[in-house]
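Engineer: This is the structure I have questions about; it appears just below.
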Amino acid sequence: MVSAAMATPAAGASVQVRAVSHAFGDAARRLPVLDDVSFDVAAGETVALLGPSGCGKSTLLRLVAGLDAPGAGRIGVDHVRVAGPDPSRLLMFQDPLLLPWRTVEANVAYGLQARGIRDGLERVGRALRLVGLGDFAGAYPHELSGGMAQRASFARALVNHPRVLLLDEPFGKLDSLTRMTMQEELLALARRHAFTTVLVTHDVEEALLLATRVLVFSPRPARIIRDIDNGLPFPRLRDDPAFIARRREILIALGHGEEFAR
Amino acid sequence: MSDAPRRAFAAGVAAWAAAAAVTGLLADHGRVPAGRPLVELAAAVAVLCGLAALAGRFAWFAPVAHQGRRVAALGVAVAAWEIVTAKTGWLPLPFFPSPQAVLDVYRVDSARLAQSVFSSLLILVPGFALGAVTGFLAGLAMGWSPEARYWGHPVIRLLGPLPSIAWLPVALFVFPTIASASIFLIALATAFPVAVLTASGVTLVDSRLYDVGRTLGASNGFLIRTIVIPATLPHLFVGLFMGLGASFIVLIVAEMLGAKAGLGWYLQWAQGWAAYANLYAALAVMSVLFSGLTMALFAARRRALRWNRETVQW
Ligand SMILES: Nc1ncnc2c1ncn2[C@@H]1O[C@H](COP(=O)(O)OP(=O)(O)OP(=O)(O)O)[C@@H](O)[C@H]1O
Ligand SMILES: [Mg+2]
């Protein structure tokens with residue numbers, strides 16, 4: 001099922017973020033959001049971004065997607081400067097943002113249709129089954145629950161075989177069991193097809209389960225305060241002592257000292 | 001069905017039978033119409049009410065079951081109207097013809113009425129369609145392109161509030177025929193509200209949907225086709241309703257003022273001959289025609305906006 005949904009292997013691309021700063025507003029009311037952020041993501045790597053709410057994680061993903069240009073610094077993919085959005089670099093938004101006038105199936109097919117890929121229906125069906133929405137192909141978005149809409153949005157991204165997948169809290173609205181299933185699917189896809197993933201999440205465990213590296217950001221304006229290499233072997237177990245130690249390290253970095261970090 | 005609708009239809013039988021009896025059995029006070037169509041019609045409605053009272057138990061009848069009280073009340077109204085006009089002369093002729101006389105118009109003058117409906121539609125339909133298309137395109141352009149908005153805005157601001165019928169004298173010498181002038185005026189009356197609402201609809205589109213489209217590889221043309229236009233449809237329909245209402249006014253006034261055919265002309269003609277029964281008959285045709293067109297537009301809207309949870313059911 002997993003391999004079928006990504007029939008064409010999409011070789012991952014590397015991502016370079018160099019001295020990126022970004023601010024909103026004008027000179028009078030400047031809101032600095034990103035402060036000199038630099039990191040590299042190797043091809044095929046999965047990097048998780050963790051940080052307090054409102055620190056600038058979604059903003060950073062928009063910059064990498066090419067939807068906005070950084071105020072300062074530069075962003076590259078395979079060492080080519082990002083100049084605009086491109087379906088090889090797919091952003092899955094924090095909100096599902098499905099098109100209300102399209103059925104679930106037509107929403108998932110949107111990217112293929114936009115690029116004139118005709119024989120996509122098969123792929124769309126597989127992506128829908130992958131996220132457990134095979135029976136809802138003909139439903140309109142207003143007939144979906146929040147979690148179902150988020151899974152549809154996930155399928156809409158996956159079906160395009162991106163080289164870099166930018167995920168903004170992709171599983172935040174799912175119940176914990178469905179979330180686990182989706183995490184396993186993502187892990188399997190990413191490992192099989194070696195696409196690069198940048199994953200924004202609030203969930204420290206999710207970061208440790210999925211990522212090869214975890215970047216921890218400060219409150220706004222976001223700076224990288226920790227860059228943790230997460231070389232835990234698969235399968236990763238939540239009760240593994242190494243896992244627990246790393247979880248505590250990250251929680252402390254996020255400012256949740258002794259209360260929850262134990 | 002519960003007993004209430006059945007009782008309503010039983011009352012309908014009584015009301016319409018009374019209307020038939022009043023019309024057919026009492027002597028007329030003044031001029032007597034040539035035929036007696038109301039007697040036949042009222043009797044037929046009474047029979048239908050009786051059938052409805054019996055059919056009440058079937059599921060297929062449920063959608064119209066609630067109409068019973070209206071049908072019954074209408075029977076009472078028709079009977080009363082017949083009494084105060086033809087039977088007693090309390091309301092003076094020729095201004096207040098009896099329902100029997102109005103109904104008789106459909107027997108004697110149906111050809112001319114049908115011809116009038118046809119020529120009205122021949123102006124209304126192309127005018128409305130032309131206005132809807134140009135208004136929609138203009139609205140899209142103004143919503144999407146700042147340059148189009150810059151030039152379109154003052155035009156809409158200054159000319160939009162002018163009732164389009166005010167252009168009639170101009171249209172009459174610019175256009176070769178009164179029909180083409182009327183088509184133009186109807187198009188104008190439709191295009192303005194459609195353009196304004198479409199343009200504001202475009203500016204109301206959630207801009208994050210464009211981001212979604214662009215990351216998925218959509219070109220500008222594709223964004224317009226798949227996001228701008230569908231997102232704007234609910235607003236377009238509001239504009240179309242406003243335009244349709246304005247079109248009816250323009251149609252009738254233009255036909256009254258200059259035309260030799262159409263429902264507006266028919267009203268004028270009937271008044272000229274003091275044929276008030278014809279006038280009421282034409283008004284009834286207009287009301288059925290215009291509400292039919294409005295309902296057709298509602299049906300189109302319901303179809304086009306199936307996806308919209310907020311689509312109001314009419
Ligand atoms: N388009 C915008 N215009 C102005 N300010 C913005 C805009 N987008 C984001 N911001 C501000 O930038 C800051 C960072 O926003 P961002 O959405 O990147 O946070 P985040 O880290 O993704 O937060 P969360 O975890 O809650 O999603 C916030 O203070 C927000 O108010
Ligand atoms: Mg965010």
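Cβ from N, Cα, C; glycine included.
Okay, these came from TrEMBL:
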- B:117-301: domain 'ABC transmembrane type-1' (DOMAIN)
- B:37-59: transmembrane segment (TRANSMEM)
- B:71-93: transmembrane segment (TRANSMEM)
- B:113-143: transmembrane segment (TRANSMEM)
- B:155-175: transmembrane segment (TRANSMEM)
- B:181-205: transmembrane segment (TRANSMEM)
- B:226-253: transmembrane segment (TRANSMEM)
- B:273-300: transmembrane segment (TRANSMEM)
Engineer: Considering only Cβ pairs within less than 8 angstroms, which of the stretches B:37-59, B:71-93, B:113-143, B:155-175, B:273-300 has the most against the transmembrane segment (B:181-205)?
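Structural biologist: Between the stretches B:37-59, B:71-93, B:113-143, B:155-175, B:273-300, B:113-143 has the largest tally.
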Engineer: Using Cβ atoms and a strict cutoff of less than 8 Å, what residues sit near the transmembrane segment (B:37-59) while being 6 or more residues removed from its termini?
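Structural biologist: Same-chain contacts beyond the flanks: 1, 5-6, 9-10, 12-13, 15-17, 19-20, 23-24, 65, 68, 71-72, 75, 78, 82, 98-100, 103-104, 106-107.
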Engineer: Counting only residues 6 or more past its boundaries, what in the same chain has a CB within less than 8 Å of a CB in the transmembrane segment (B:273-300)?
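Structural biologist: Distant contacts of the transmembrane segment (B:273-300): 33, 94-97, 101-106, 109, 113, 116-117, 120, 124, 237, 240-241, 244, 248, 252, 263, 266-267, 314.
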